[in-house]
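Now, the feature entries from TrEMBL:
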REGION    1-39  region 'Disordered'
ACT_SITE  Glu152  active site, proton donor
ACT_SITE  Asp296  active site
DISULFID  Cys359-Cys391  disulfide bond
ACT_SITE  Glu405  active site, proton donor
ACT_SITE  Glu430  active site
BINDING   Thr516  Ca(2+) binding site
Amino acid sequence: AGPPAHTAPGSRQQVQGGERRAEPATGAPSARETRAPYRFDYERFRRSLRHPVRGRRPGEDPETRARRMKVKEMMKFAWDNYKQYALGKNELRPLTKNGHIGNMFGGLRGATVVDALDTLYIMELEEEFQEAKKWVEKSFDLNVNGEASLFEVNIRYIGGLLAAYYLTGEEVFKSKALELGEKLLPAFNTPTGIPRGVINLGRQDTRSHFSPCSGMSWSWGWASAGSSILAEFGTLHLEFLHLSELSGNPVFAEKASTSQLILNRVEKPQGLYPNFLSPVTGNWVQHHVSIGGLGDSFYEYLIKSWLMSDKKDSEAKKMYDDALEAIEKHLVKKSAGGLTYIAEWRGGILDHKMGHLACFSGGMIALGAEHAGEERKQHYVDLAAEITNTCHESYARSDTKLGPEAFRFDAGTEAMATRLSERYYILRPEVVESYMYMWRLTHDPKYRQWGWEVVKALEKHCRVEAGFSGIRDVYTTTPTHDNMQQSFFLAETLKYLYLLFCEDDVLSLDDWVFNTEAHPLPVNHTNFKA
């Protein structure tokens, strides 16, 4: 069984199902047993920040403020409806006014609560933030039983809890993050130390056809021959370093660093990183390369690991620079109409399609350009602007002014979906994410204008009576809604739109690195052991 058809497996946001191959995990001592008394000095950490978290808000033009307030109103509307109809479930179904649980989080609940915490805080939605915090304190149960995506639990739950702790200093967020982090460790019990994609979060599994061990991990049944997915095992580093920082226990950082070591050593076809690697042999399973789903956030976490280390992790920086060079050499193409895009690579044959998920890359390349040598810097700023422009075209060429899940450059088509199965929009953030980075790094007003176009399109086509919903076809102005308010809409899409209309000192890039769910994690300016 593969993943449901409407999703991009193994990528930044998706809904997964599929058979599992069971594999017992060896019992590692829990981090709690081995932990020396350790206290993270939160006050000292706050003093090290170079800017107030919510900025200073100097005199700004009324239009920008009004647009920011509109995004804040959208967040309040999304949250209020989730709270009214689905509190404690993972997502709101806004048309039927009920909640959705799904099978991705292994019995964990409240994905929207945890994903929304930092956005509510940054937007100064104080009352709503307190409601969310209260749910985490009183109702967020980690003693669950079920198979979870290691990747999704890490980026949404661990990332959301860590960010909420760093922003507020509230101990409950830290203790929940560390407790949940420990439950993810058995996924790393493989011959190579590269984790499998699925972890059973329970201590006991009473169903007879699974072993009664806890913490068993599997690989997604549809992942090529039981392999691990690049975007999944390559998107743990930021969060796991912070779990070690807060607990004083190096085990988290060690586990996450193993993947980087192995990937650095393994032979790469043409310098490219294929999407599937065997956690048993440490070899590539096949040669499909993508900057969209399956690959995307691995590259993002290389440059962000370097930035988060205060530019000390030179290995991550070199891996990023080399990977970007190979991507540019083999995958970056220009269409007949002059649009720059990143194709996918299947064993040396190019597939001229770009997924919505790949549209984060404009922002990533811009972020990396800031720190390239002078002669390369302008080149990368230009490349980032061109890719972001292509992603904008995928929105501008649709009837709703929202972009499709994937768009193609073949058979005379440019930046449009050609297949029925790729015409949907599920409130994804990657395009506005790139607008936010491009705005911060260039201050070209077109990025704010493009972001405002997205706000208007969301209001017109995705806002329904009780929340926001994805749509099934961006090429019709009477779209059918998919009845799902994704948690990442509150974590990412609305946060990036809000920041686009903020001054640069709100969650300043000097102080914070966003994880791939837009949860801000601090740059490690110093060591905060109390």
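Residue 1 is the first one shown; counting continues down the chain.
Including glycine, each Cβ sits where the backbone N, Cα and C put it.
Please treat TrEMBL annotations as automatic predictions, because they have not gone through curation.
Between the CA atoms of Cys359 (disulfide bond) and Glu152 (active site, proton donor) there is a gap of 19 Å. Taking all protein chains in view, 29 other C-beta atoms sit within 10 angstroms of the C-beta of the residue listed as 'Ca(2+) binding site'. In space, Thr516 is the closest of the recorded positions Asp296, Cys391, Glu405, Glu430, Thr516 to Glu152 (active site, proton donor), judged by Cα positions.
Comparing local CB density within 10 A for the active-site residues Glu152, Asp296, the maximum falls on Asp296.
Within 10 Å of Glu405 (active site, proton donor), counting CA to CA, the recorded positions Asp296, Cys391, Glu430, Thr516 contribute nothing.
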